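Trainee: One structure, pasted below without further comment.
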């Protein structure tokens, strides 16, 4: 139930005119802004910091200046809210405890009514478009490794002064294996045997169960999968609750992207996944008989990463 979800790539536009110059063409504007922010320091950019969240307004800038503002957030989760966006923001995210960047995943979810700016992943001047202006699809989550870069938020040209707010929530999640990032970035791609075995040991939830119903929500570009669980291996949050009948089963709901095309099916599956922004997101989900085969093969070779019951 996991498939490659292609990320949109692109460069920011050039909303602010610059005088022509002879010789080689100047660098792209977003890269130029980043360089200026580093060179000018306090002279050409503002610096803001807060433990978890930041809220600011472009109205504090002089009308003729398109500033790049540095925002430093040192927390596991929070939000950024930028009213009347002008210029650009460089959002620096770090955990509030020591942890190597290569072990951290950043996930962002834009506000439903977010507009006025594009959100990019930036590293050494290269930009990858994460959330285009106005794409505030509810529930849409974008994730990347912290070592892949930082967030560059660039205001888009506007013809009026109507109120616009660019905003998003963020989470910093410690990942135990590289496969955890695949789960976030490619939730529809089928898992390999190794990924399944790691998922059952390291996911926020792992259960054996069947699909009772699937509710597609086009407005969220999401599908809600309603599960009946016969065996609960692990869960960090109360995703699954005992059924009212008290027959030893549990029930709960997990989510995945609409594009994965999940449908109700017969038989038991192993469902694994992680919590993001308070919701259970589906990761690896092989048929249970296939998981039994994977686990048995790994056990015979002494390669199973943890002990679980497969009866």
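Just so it is clear, glycine is given a Cβ too, placed from its N, Cα and C backbone atoms.
Heads up, here are the entries from Swiss-Prot:
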type: COMPBIAS; residues: 1-13; note: compositional bias 'Low complexity'
type: DISULFID; residues: 52-75; note: disulfide bond
type: DISULFID; residues: 107-143; note: disulfide bond
type: DISULFID; residues: 188-260; note: disulfide bond
type: DISULFID; residues: 191-284; note: disulfide bond
type: DISULFID; residues: 201-306; note: disulfide bond
type: REGION; residues: 1-24; note: region 'Disordered'
type: SIGNAL; residues: 1-45; note: signal peptide
Trainee: Which of these disulfide-bonded residues is closest to residue 191 (disulfide bond) if you go by CA atoms: 52, 143, 260?
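Mentor: Closest candidate to residue 191 (disulfide bond), judged by Cα separation, is 260.
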Trainee: Please report the Cα separation of residue 75 (disulfide bond) and residue 107 (disulfide bond) in Å, rounded to an integer.
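Mentor: A Cα-Cα distance of 13 Å.
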Trainee: Are any of 52, 143, 188, 201, 260, 306 (the disulfide-bonded residues) within 10 Å of residue 284 (disulfide bond) when you go C-alpha to C-alpha, and if so which?
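Mentor: Hits: 188.
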Trainee: If you measure residue 52 (disulfide bond) to residue 107 (disulfide bond) at Cα, how many Å is it?
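Mentor: Computed Cα spacing between residue 52 (disulfide bond) and residue 107 (disulfide bond) is 14 Å.
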Trainee: Highest Cβ count within 10 Å among the disulfide-bonded residues 52, 75, 143, 306: which residue is it?
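Mentor: That would be 143, with the most Cβ atoms nearby.
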Trainee: If H, G and I count as helix, E and B as strand, and all else as coil, what does DSSP give for residue 284 (disulfide bond)?
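Mentor: Coil, per DSSP.
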Trainee: Would you mind reading off the Cα separation of residue 260 (disulfide bond) from residue 306 (disulfide bond), to the nearest angstrom?
Mentor: 29
Trainee: What does DSSP say about residue 306 (disulfide bond): helix, strand or coil?
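Mentor: The residue in question, residue 306 (disulfide bond), is coil (DSSP, three-state).
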Trainee: Going by Cα-Cα distance, which of the disulfide-bonded residues (188, 201, 306) sits nearest to residue 143 (disulfide bond)?
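Mentor: Looking at Cα distances from residue 143 (disulfide bond), the smallest one goes to 188.
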Trainee: Give me the Cα-Cα distance between residue 201 (disulfide bond) and residue 188 (disulfide bond), rounded to a whole Å.
Mentor: 20
